[in-house]
Amino acid sequence: MRSLERAAIASGRISGLDLMERAGTGVVEAIGEAWPDFRTPADVPRHAVVLCGPGNNGGDGFVVARLLRRRGWKVTLYLYGDPERLPPDARTNHDRWRRIGTLSALPAAPDFSTADLVVDALFGLGLTRPLTGFGPIFSALATAGRPVLAIDLPSGRDADALPDSVGWPSAPCSLAVTFHREKPLHARLRAEGIGVIVKPIGL
Ligand SMILES: NC(=O)C1=CN([C@@H]2O[C@H](COP(=O)(O)OP(=O)(O)OC[C@H]3O[C@@H](n4cnc5c(N)ncnc54)[C@H](OP(=O)(O)O)[C@@H]3O)[C@@H](O)[C@H]2O)[C@H](O)CC1
Ligand SMILES: [K+]
């Protein structure tokens with residue numbers, strides 16, 4: 001994926017920011033596909049809790065937050081990481097979000113009880129080692145029993161599904177929305193009964 005992305009950007013055909021916008025747009029489309037009743041406007045705004053991480057997976061989360069807000073959703077956004085250290089495209093989408101919404105630092109155990117949907121944009125392809133310290137958040141998420149959409153892949157899982165990554169702590173997930181092509185992990189997610197939707201992003 002990285003080499004495809006680099007080649008597409010190097011060719012000048014598309015920018016990283018375009019890819020991120022298309023990724024976020026695909027995620028919002030997938031929400032309507034997986035949960036059709038979310039497509040119809042509700043008498044009270046639906047509430048999405050978006051968990052953004054320190055990289056471009058978090059960047060996708062900022063795009064999704066903005067697009068859901070534009071569709072009338074109430075959005076609560078938590079950021080794990082320092083905005084000053086976000087990679088450029090994620091920072092741009094952080095700034096775009098901050099023009100229309102607020103954010104809080106990710107607490108030890110966020111309140112998911114009023115969420116109609118939780119968006120896991122903490123970590124994606126850039127996970128390089130098992131997560132530590134996310135146990136309380138992941139168990140709060142599991143206890144809340146709300147639908148969880150993972151951007152690209154459930155945070156904590158290894159995209160290549162390497163044998164030694166089995167058992168790494170990871171976020172609960174109802175649906176994973178990935179981009180361009182499935183990664184090895186997605187076959188395992190399907191086998192676990194987790195929905196997987198692949199969205200094109202023009203690569
Ligand atoms: N072409 C595409 O597929 C596109 C993908 N997009 C999205 O981008 C992410 C990949 O973004 P990337 O910034 O490479 O990585 P992540 O956001 O997944 O995470 C990187 C940051 O996470 C830190 N990290 C990694 N492992 C851990 C850990 N175990 N504990 C704590 N922090 C961790 C990492 O820090 P380092 O210390 O490792 O440097 C990074 O800060 C992809 O998944 C898609 O969602 C594009 O948006 C669209 C095109
Ligand atoms: K994720």
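Glycine is treated like the rest: Cβ placed from N, Cα and C.
According to TrEMBL, the residue from D82, D95, D152 that belongs to the (6S)-NADPHX site alongside N56, N57, G58, G59, D60, G124, L125, G126, L127, T128, R129, P130 is D152. Record note: TrEMBL gives N57, D120 as K(+)-binding, and the candidate from S104, S139, S155 in that site is S155. Every protein chain shown contributes to the tally, and the Cβ of N56 ((6S)-NADPHX binding site) ends up with 26 other Cβ atoms within 10 Å. Under DSSP, D152 ((6S)-NADPHX binding site) is assigned to coil, being neither helix nor strand in the three-state scheme. Separating the Cα atoms of R129 ((6S)-NADPHX binding site) and S155 (K(+) binding site) is a whole-number distance of 11 Å. The binding-site residues under consideration are R129, S155. Their Cβ neighbour counts within 10 Å are lowest for R129. The K(+) site is defined by N57, D120, S155, and by the 8 Å test on Cβ atoms against their centroid, the other residues of the chain that qualify are L51, G53, G58, G61, A121, L122, F123, G124, A150, I151, D152, L153, P154, A171.
Geometry remark: G58 ((6S)-NADPHX binding site) versus S155 (K(+) binding site), CA distance 11 Å.
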